[in-house]
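What TrEMBL records for Cys14, Cys19, Cys22, Cys44 is [2Fe-2S] cluster 1 binding site. Annotation source TrEMBL lists [2Fe-2S] cluster 2 binding site at Cys84, Cys87. The domain 'FAD-binding PCMH-type' feature in TrEMBL is assigned to 167-352. Residues annotated as FAD binding site in TrEMBL: Leu195, Val196, Val197, Gly198, Asn199, Thr200, Ser201, Ile202, Asp298, Arg360. According to TrEMBL, the feature Mo-molybdopterin binding site maps to Gln661, Phe692, Arg794, Ala961. Residues or ranges marked as substrate binding site in TrEMBL: Phe796, Thr892. The annotation active site, proton acceptor is assigned in TrEMBL to Glu1143.
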Amino acid sequence: MWCQVRLTGTKYGCGIGGCGACTVMISTYNADSKKIRHYPANSCLLPLCSLYGAAVTTVEGVGTTTTKLHPIQQRLAKCHGSQCGFCTPGMVMSMYSLLRNHPEPSMEQIAAALDGKPAFSPSLFGSCLSSLCKPEEFHPRDPTQDYIFPPELIRMAEENKGRTLVFHGERTTWISPVSLEELLDLKATYPDAPLVVGNTSIGLDMKLLGIWHPVLLHPVRIPELHVVTMRENGIVIGAATHLAQLRDILLSLVPELPAEKTKIYRTLLKQLRTLAGEQIRSLASLGGHIVSRGSVWDLNPVLAAGNAVLNLASIDGTRQIPLNDEFLTKVPEADLSPMEVIVSVFIPFSQDDEFISAFRQAERRKNAWSVTNSAMKVLFQPGTDVIEDLAIFYGGISGTTVSAKNSCLKLIGRYDRVKVLKLSSFQYPFQYPDLPKEYMSALSEFQEKPPQGMQIYQDVNPHQPPQDPVGRPIMHESGIKHTTGEAVYVDDIAPADGQLYMAVVTSTRAHAKILSIDVSKALEEPGVVAVVSAHDIPGENGDEHEKVLAEDEVIFIGDIICGIVAETYECAKNARSKVKIEYQDLEVILTIEEAIEHNSFLTKEKKIEKGNVEEAFQTVDEILEGEIHVGGQEHFYLETNSVFVIPRKEDGEMDIYVSTQDATVVQELVASALNVPANRITCHTRRVGGAFGGKSTKPKFFATAAAVAAHKTGCPVRFILERDDDMLITGGRHPLWGKYKPTHHSHTFQFGCFVFCFVLNYVLLKCPNAYDIQNFRCRGRACKTKLPSNTSFRGFGFPQAGLSAETWIVAVAEQLGLPHDQVREMNMYKTVTQTPYKEEIDPRNLVVCWEECLEKSNYYRRRQAAEEFNKQNYWKKKGIAIIPMKYAAGFTKKPSNQAFALVHIYLDGSVLVSHGGSEMGQGLYTKMLQVASHELKIPLSYIHNYERTTATIPNAFKTAASIGTEVNGKAVQNACQILWKRLEPIMEENPDGKWEDWIKEAYEESISLTATGYFEGYPTYMDWEKGEGHPLAYYIFATACSEVEIDCLTGDHKNIRTDIVIDAGFSINPAIDIGQIEGGFIQGLGLYTMEEIKFSPEGQQYTLGPDTYKIPAVCDVPEHFRIYLLPNSRNPVAIYSSKSMAEAGVFLGSSVFFAIRDAVAAARKERGLNCNFTLDSPLNIERIRMACADQFTEMVKTFP
């Protein structure tokens, strides 16, 4: 559909069903039941053959701007539920599929439909309840707008009811039998052929592991595999039943049966609520889940503990085997034979004195593989507390699900109900009033509630003209197109004639010499046109920091060595394995500690200093010392790095369509590599599907590689990185290792840090956060390792430095025995003073934010309530923290802050605005329209944004450092003011005229209707030798208060509430600014509590996709999320007295980190442990669990 019909709304995000960007709705007709089923599905996992006879609805089939919008699309856009928009069509399709099945869904069903979706825009849930949108303007749902199931597909299903479907591919044959007998014959003929129902397991094996199957069997049309039969002792469920169907079956069954019979069913429902996302649940089958026997599969331990039985069949007959530990560990005598299939699963009723419970713990509560899971069933002798039978199963601790058989055997026959309950958290605590109080809190589980949002901002002056949009919550200019899939990204551009595709070969060594590269076998592959290497670059191979294509040496795993150019992407990708490279390994440095040991640094030491630190240290009795490690973070933008290069036929010209924050450096590097003037290279960026800094420096290398391929072949080249390649090559946020040395008596602090280069400047400048320390020194160095080079990331050093600052504030507070908030308030900037780099700062709004947040969050009352809760609960603890922030916006050098604009007025009165900023979801284009509308005093509908292109705006600096709106806005403002001044005489002569009349008259009088706007930039500078300057444009002040609850036994936590008060100046667009604050906070939440990049000892990155790297999802948004924009605030530096909000919210996520620490401290204090401890980031489940030290953690062996 993407290639042939040009339905580009469905996006390719990860390729393994983990992000939801490619969600479509599948509708199928069952010829036996005569029913139609609608369900969401990840199109990246759907084999084309499986869709025979199905109707596929993409986002274009829901509503478009040329037909009629669906209410989902209208609400999502007008409630500001999209930002970059790349994943928005997937959101729409998830909700649309839900409405087709449940026209009036519950909040629980809505939350389930969005399970695991990225939480980049938390306003999705909350903004409908605020003044950010007007629900009265929404249209009701019109069922007649929905497409009916095509009658021809019904006829096809009826006609093919008894017909076997066979599809022959180049390497694989797909067979869809219609009867169980036929399936068994096929299995006898092809015993190694797997059965594929949802393709969620086999498909991943084929994609990720390269496993190939010559024959695939698709048994979804066999009635016996879909049976649902009630027996007197249980139910029989067909093996092809999808997990979403299983959930619905159990939900309808449980209320109809006595409670004592449904304990296993309720336990299965509990696991199903968190297992995968709705798309995977709608595809995956019960039989596939069982037979694949993944160690972290959540249903298998429950089924094994509940004595489930598998009904098998083959051409030799039928038999039953228990789903037990021997089956799960694949003991041959208890396993299926190659010719057998699972027909159905018998799940017995529970007994009166039988109890079953299950547990899972994952890096993210929903749509994440379990780190560990378990299930336990205990049966007591009737009327006694004597254990008659006991089964305990664990997953995630070895390659398969295992049984704690020996422990169970020792406990059977014992009279010890309490001891059994200590082993597992049961669902029925009310039945055990005699259970010791300290264990009761272990039995309760976190109760999830859909998040609710509140956004408070200051409305515009009532005297402001209604058509003046500045200060109003205007919808994102592409919001509607985001929801309809009509917003065009790089890979949505139609193929050009003769287009080729490129895939790259990357280094498998962290540091090595390249001895030889043999591409001969790759060139022999059908469809391969060329192999591009460094020798094909006619000009410069990269810049002073990095090469486009490795020549003699590779410096990290993922370093690009060459590119395969072919007629199809699949051909290019498959040919990569044919390239043979010989290496000679060199010394490898992977960590900050190793870099220090080997004196491997990128820069000399830098420092900032205030007061006399050495003298102050001599006058105190006690000096604290500690250290903190802050891990890196993946950008995980939904649109991977994407380039489409089209060479022109003359003068060496070339068009580069690229997803980038910095088109200028792309133009420069491509021109340098091709050895042509920059005026021959034109870069185009209409919009970027998320960037967060990750598309600042890296896209120029990808664009240059593709341009060299286009130069060599003379053909257009499309180069779209796969998710794993993007994560492997591009690097992420810089890790930080900091050592601090504070003393509380003389208000003295010393901090030393090591990070991975340019980010070091910002770490040093921002490391004190909001604290005015009399004697302060911060020193740092940038380390050089053999990992992928890290790059810009939202906040650029401050999230790491700020966390370090809050860590040493906590250390001092604990040493003094004072509340953390008191020590924070004591040390905060309060009056006009100087920073350590001798810049004047007026922190009065910082104090106001602090005081307002204390009040609006009810901090002191809730802290008291948390303390009371902690007294009553031994295994559950609540924590609350309030964190101030002083964030500085902009670049440290004036030229980096300059901006350019070009504004045209056409004779019909319409206006075209061009500027040097890239739209990445931050609402830059929307705000530029607001600026132009305000300055020209015309409606927004008259104005259109042109794409970012180097043809109209040359030499523009990257869109980054939070100042894209204000610098480009200043340039647009300048251009519009020039035009307005030209038009003024005409308007004065004809004050009653219309805009169109004035424009025509201006043309007749030969007045130019084109103007160039320019902003020279903020006068920032920094003298590192003197340690002083005005390095940043202005300050953004904020305070965040967060409350959490942790489970001391598991390390899990729940985000209860977050209140943010932030000084946004006069917001040009409160809706966009609030969305940026929310999105930044959620990204910070991921940085500090969840996201962790993992490498092997050889430098191979393990976390290369959404299966192994988890970003926050909808389930991680605080249950109550409240944003308050500080009223009556002004910023004399920026346009319209505004402030940038794009990056400021990231650090505020640290309030959750320190709330968790507060809860951990409560647990440690109750256990008599030291509360002056340091926690590294990310504070994930393992670190939380181990910090809550107890008798269980003492059993854990730790390894260096």
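From the backbone N, Cα and C atoms, a Cβ is placed for every residue, glycine too.
Quick caveat, the model's predicted, so the values are computed rather than measured.
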If you average pLDDT over the domain 'FAD-binding PCMH-type' (167-352), what do you get?
95
Distance, Cys44 ([2Fe-2S] cluster 1 binding site) to Leu195 (FAD binding site) (CA atoms, angstrom):
19
Who sits close to Gln661 (Mo-molybdopterin binding site): which same-chain residues at least 6 apart have their Cβ under 8 Å from its Cβ?
Val688, Ala691, Gly693, Lys695, Ser696, Pro699, Ser918, Met920, Lys958, Thr959, Ala960
Inside 8 A of the center formed by the CB atoms of Cys14, Cys19, Cys22, Cys44, which other residues of the chain have their CB, for the recorded [2Fe-2S] cluster 1 site?
Lys11, Tyr12, Gly13, Gly15, Ile16, Gly17, Gly18, Gly20, Ala21, Asn42, Ser43, Arg723, Pro1106
With every protein chain in view, what's the tally of Cβ atoms within 10 Å of the Cβ of Ser201 (FAD binding site), excluding that atom itself?
21
Sequence gap of 6 or more, C-beta under 8 Å: which same-chain residues meet both conditions with respect to Cys14 ([2Fe-2S] cluster 1 binding site)?
Ala21, Cys44, Arg723, Gly1105, Pro1106
Among the binding-site residues Phe692, Phe796, which residue has its Cβ surrounded by the fewest other Cβ atoms within 10 Å?
Phe796
Nearest of the binding-site residues to Asn199 (FAD binding site) by CA-CA distance, picking from Cys19, Arg794, Phe796, Ala961?
Cys19
Starting from the Cβ of Val197 (FAD binding site), draw a 10 Å sphere and report how many other Cβ atoms land inside it.
24
Are there residues of the same chain, six or more positions away from Glu1143 (active site, proton acceptor), whose CB falls under 8 angstroms from its CB, and which are they?
Arg794, Gly795, Phe796, Phe798, Tyr887, Ala889, Ala961, Ser962, Gly1080
Taking the Cα of Cys87 ([2Fe-2S] cluster 2 binding site) as the centre, which of the binding-site residues listed as Val197, Ser201, Asp298, Phe692, Thr892 lie within 10 Å of it?
none
Using a 10 Å cut-off on Cβ-Cβ distances across all protein chains shown, tell me which of the binding-site residues (Asn199, Thr892) has the largest neighbour count.
Asn199
Find, for the listed binding-site residues Cys87, Leu195, Ala961, the residue with the lowest Cβ contact count at a 10 Å cut-off, counting only other Cβ atoms.
Leu195
For Ser201 (FAD binding site), the one of Cys22, Cys84, Phe692 that lies nearest, given that the binding-site residues are compared by Cα:
Cys22
Between Thr892 (substrate binding site) and Val197 (FAD binding site), find the distance joining the two CA atoms and give it rounded to the nearest Å.
57
Taking just the CA atoms, what is the gap between Phe692 (Mo-molybdopterin binding site) and Cys19 ([2Fe-2S] cluster 1 binding site) in Å?
17
So which other residues, same chain and not among Gln661, Phe692, Arg794, Ala961, have a Cβ within 8 Å of the centroid of the Cβ atoms at the Mo-molybdopterin site?
Ala691, Gly693, Gly694, Ser696, Ser792, Phe793, Phe796, Met920, Thr959, Ala960, Ser962, Ala1142, Glu1143
Counting only residues 6+ away in sequence within the same chain, which have a CB under 8 Å from the CB of Asp298 (FAD binding site)?
Gln271, Thr274, Leu275, Ala358, Arg360, Ser370, Asn373, Gly395
